[in-house]
Every structure is written in C-alpha cells, then in structure tokens.
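Peer 1: Let me give you the structure first, and then I'll get to my questions.
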C-alpha cells in the first residue's frame, strides 16, 4: 500500500486476505455432488431422467425379451389350428387315474355325472385306446376261434385281414361320425354342445363291449345274445342319460332326440352281434 511519502508499506498478505472478503466470480457455477454408495451395484434409488433409460427403448423389437411359450413351433390361428398337433395336446393330458374313473362311470349307466366331470377337461386319450383295444380284441378273438375250429375239423386255416379293417372302420367311424352329426343337430335346435365332449362321451360308452367281446368265446348262441343285449342297453343308457339334461333345452323335441340316440346305440350292439359276436367257419 502506498503512503503519503511515496513509500510503499508492506502489508501482511494473510491479514489482507482475512480482512477483505472474496468477491465471487459471476461466470463460475457451483456444482454440488450428492453422496453415492459406489460399493452397491446396481445403484439403488436412482433419480432423474436416467431412471427411464434403464429399459430398452419403446421402438426396440422385444421378441427376445418376451417369455418363451415352451414351444419352438409357430403359433397358428384360425382354422390352421385344426392342422396343428399342438392344438390337440390338451385333450391327451390326462392321468391313468382320470381314465379309470371315467371308465368306472361308463359302467354305471344310470348316473348322469359323467358330463359334469368331463366338462372342464374332456379327453380323447381314453376313447382312442378304447376303440383300439376293441379292434385288437375283436381281431384276436375272431382269429383264435376260427383257428381252433379249423384245426378241430382238420381244415386248412388262412388268416382273414378283413376282420381288422372292418373292425377299425366300424369303431373309429362310429365314434367320430355319430358325435359330429349329433353336434350339428344340437346346434340346429339351439342346444349346442362341445364336439370334444361328445367324442369323449361316445368313446367311453364303447368300453362295455370289451368284456362283452371276451365273453363271446362261450359257444352258446343264447348266451351271446344276452351278453350283447346287456352291453348294448348299458351303453345306450349311459349316453342317453348323460345327454338328457342338456338336450332338454332343445324344446319339446328333446325326447325324440334322446330316443334316437338310445336306439342308435342299440343298433350298434346288434351289428356287433351279427358280425363280431358270431364266428362261423
């Protein structure tokens, strides 16, 4: 600092700094940093715009970010699902205990609880194997009986493949065509029923003919007619009673529809008696 005599007086810088306040620079911007826990990854409690960037942008293809459906096959829609094997998988997803319980219900024809039990989970596994077993049993018994008869009469025996093809056409055709026709008729009378449920009902209704075919080995005509009649009556009653409650909503003609179902099932047993329960040489 300059004095009156033209001399400079030395002032302690420390005292000067302590006595004169600092003037802030207007061009300087103070930045404050918040405390962060760098030991934690990923950081918690993230705030600001960066939190919205933690996921992919909205215009990004999320094909690989979606959960897998468990199948590598393309998902079909509309009528194309009818030609996809995966669409029928749910109808074969049953346990052995479920199939056995439904077989037991089919052997007690006067109960009408079968449709209620299978309404939420109808299956095609049981009907398929019941029809396949019927074809095998019919072909085996027919072949065995004709073979023994030829040997007892000292005749030459030849295997007849027609019994297999005829049995397959009869059982597979009946359990498929009849439910489809009934499905169309019920839909026409404004009492629609599930097609798979009808296939399930008719498939299990044929189980009673398996023991009946085994009993046809007894070489008595009257006994075979009795066995066929009992099996046909049980099968027809099982189908008619389980459909009666549903068909009543069709109006006054419900009795005619139920009666036609009953008679058609009896006709099946009559056809079985003529062609499968009677073995001729």
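Using N, Cα and C of the backbone, Cβ positions are placed for all residues, glycine too.
No curator has checked TrEMBL annotations; they are predicted automatically.
Remember, it's a predicted structure, so these values are computed and weren't measured experimentally.
Dumping what TrEMBL says about this protein:
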- 1-76: region 'Disordered' (REGION)
- 33-42: compositional bias 'Polar residues' (COMPBIAS)
- 65-76: compositional bias 'Polar residues' (COMPBIAS)
- 111-270: domain 'Yip1' (DOMAIN)
- 124-149: transmembrane segment (TRANSMEM)
- 169-186: transmembrane segment (TRANSMEM)
- 198-218: transmembrane segment (TRANSMEM)
- 224-243: transmembrane segment (TRANSMEM)
- 255-276: transmembrane segment (TRANSMEM)
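Can you tell me where each of these features sits in this structure?
Peer 2: Residues 88, 91-92, 94, 99, 102-103, 157, 159-160, 163-164, 167-168, 171-172, 175, 196, 199-200, 202-204, 206-207, 209-210, 213-214, 216-217, 276, 279, 281 of the same chain sit 6 or more residues outside the transmembrane segment (124-149) yet have a Cβ under 8 Å from a Cβ within it.
Long-range contacts of the transmembrane segment (169-186) within the same chain, counting only residues at least 6 positions beyond its ends with a Cβ under 8 Å from a Cβ of the stretch, are 127, 131, 134-135, 192-193, 195, 198-199, 201-203, 206, 246-247, 250, 257, 261, 264, 268, 271-272, 275.
Residues 138, 142, 166-167, 170, 174, 178, 182, 185-186, 189, 205, 209, 212-213, 216, 224-225, 228-229, 231-233, 235-237, 239-240, 243-244, 247 of the same chain sit 6 or more residues outside the transmembrane segment (255-276) yet have a Cβ under 8 Å from a Cβ within it.
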Peer 1: So what's the average pLDDT for the domain 'Yip1' (111-270)?
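Peer 2: Per the prediction, mean pLDDT sits at 88 for the domain 'Yip1' (111-270).
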